[in-house]
Amino acid sequence: MMEPPAAAARASCRRRPLLCLLLAALCMPPALGLYTVNAVYGDTITMPCRLEVPDGLMFGKWKYEMPNGSPVFIAFRSSTKKNVQYDDVPDYKDRLSLSENYTLSIKNARISDEKRFVCMLVTEDDVSEEPTVVKVFKQPSQPEILHQADFLETEKLKMLGECVVRDSYPEGNVTWYKNGRVLQPVEEVVVINLRKVENRSTGLFTMTSSLQYMPTKEDANAKFTCIVTYHGPSGQKTIQSEPVVFDVHYPTEKVTIRVLSQSSTIKEGDNVTLKCSGNGNPPPQEFLFYIPGETEGIRSSDTYVMTDVRRNATGEYKCSLIDKSMMDATTITVHYLDLQLTPSGEVTKQIGEALPVSCTISSSRNATVFWIKDNTRMKTSPSFSSLQYQDAGNYICETTLQEVEGLKKRKTLKLIVEGKPQIKMTKKTNTNKMSKTIVCHVEGFPKPAVQWTVTGSGSLINKTEETKYVNGKFSSKIIIAPEENVTLTCIAENELERTVTSLNVSAISIPEYDEPEDRNDDNSEKVNDQAKLIVGIVVGLLLVALVAGVVYWLYVKKSKTASKHVDKDLGNIEENKKLEENNHKSET
């Protein structure tokens, strides 16, 4: 007669109590509020057995549960023999380590290690279990923005790029930012799509978020980034990509023309460059340039060059886009300065002649005119009604435009004043009463050559000492000690004429009238002018009083004046008579 199943089971348990305890442990339902161990992908998972080691412990075991609830034993340790055995489970081969206190370690944590592990401590009478749940985390790679657009265009929705985040567990979330602010989806302006792909061999996720964006002009320097938000052992974290900046294309809204010149003002002879630019991006590369008086534009790049400009280049210049939709204009003034000097170059005139000189200018602004003679600035413009030797020299008429840098003109006049030699002789007895000094005052240009001749006897102490030739004048002198009356002749000769003048000189023993060696020509001219004025007044009064008396008086006056001049030129009448008598005696 067979035993009932229940009775048979009880009998079996009495014979094999340990087996019954293990079977009972396997049939226990999962407990709530399980202990969790957080592990990092690739690191070692450490799971302590959270049971108190009982008396009479025979061994300890670790197992994990399959998704369907069935157990898989992986490690065994005997409390008596102190030996450890690892079950033949391929996923955990060479990865397990069970310590004396029944702490289980798993090397090189994987995503597949996310399971419910159970620590079992077995005695003869009981089996104790404590489950541990393992959670594995993998930090993702830094986000990268790939497949970036070459440029963005306003008013156009365009793929900006893809933010790729690799090897994350659990899967993370990707967010786009512009200048540090979250980009929220806006229809036809901001379009974001996220895809997640799991690697079946590793269990890791790769997230790809694409961004389509319609920019504005203000986005020209905007920084775009993407951030992945993921979970780690210590909580939620984020990683940001490197920022990227995109070139934003937008149409030209304004055209500007500028004048490129080395100075603020333009003068004749300068090179001028006109530059046209548009505020679009990219800027226009070609424009139409309009010069004054022309209706058709000249097609060119963004610059138009004019070389060696003239005054007729003054006017309004324009530039426009090729389609002529936008235009700008600017005015150019080419400054000029003309100078006309009459006469100019080398001019030769005779002394006493008149020479009209004019320096006229024509300019775009008021100009300053000044004269320079022989490197010295003149106070007034030269005027020659009666040329004198001192008027000769190098004249420069110079004019400048103060407001225009580098604009000045100058012309030169080299004035040569020629004259035939003019001679005036003077004599003076020296203080030692032993000699006389005879001076020949000479005027003329070119400079006359002077020669002396002596008629009579007498010793020539010092001959031909010449003063400096200044303003067409110089003097030559000799010192003589005549033993008798002599005649000295001064000969002055230049390219125009030869002039000869003689002077009678008494013997040193005969006193005579001495003339001053030199007189100031200006003073003599003033004296002559005053004399003429006085004579004129006197003559007028006498004419009113008595015409006949005045005529007689004038006749007498002129006779006396003539005799005085004769005396002055020849020495005096007495001296001449004495000289004639002495000469006559000598001849006898």
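Even glycines carry a Cβ here, placed using N, Cα and C.
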Q) Swiss-Prot pairs CYS163 with one of CYS226, CYS276 in a disulfide bond, so which one is it? A) CYS226
**Q.** Among CYS397, CYS490, cysteine joined to CYS440 by disulfide in Swiss-Prot
**A.** CYS490
Q. Of the candidates CYS13, CYS20, CYS119, which does Swiss-Prot name as forming a disulfide with CYS49?
A. CYS119
Q. 10 Å Cβ neighbour count around CYS319 (disulfide bond)?
A. 27
Q) In which DSSP state, out of helix, strand and coil, do we find CYS49 (disulfide bond)? A) coil
Q.
When secondary structure is assigned with DSSP, how many helix, strand and coil residues does the domain 'Ig-like C2-type 2' (338-414) contain?
A. 3 helix, 42 strand, 32 coil
Q: Please work out the helix, strand and coil residue numbers for the domain 'Ig-like C2-type 1' (251-333) from the DSSP assignment.
A: 3 helix, 39 strand, 41 coil
Q. Which whole-number value in Å describes the distance between the Cα atoms of CYS440 (disulfide bond) and CYS397 (disulfide bond)?
A. 38
Q: Count the residues of the domain 'Ig-like C2-type 3' (421-501) that DSSP assigns to helix (H, G, I), to strand (E, B) and to coil, and report the three numbers in that order.
A: 0 helix, 58 strand, 23 coil
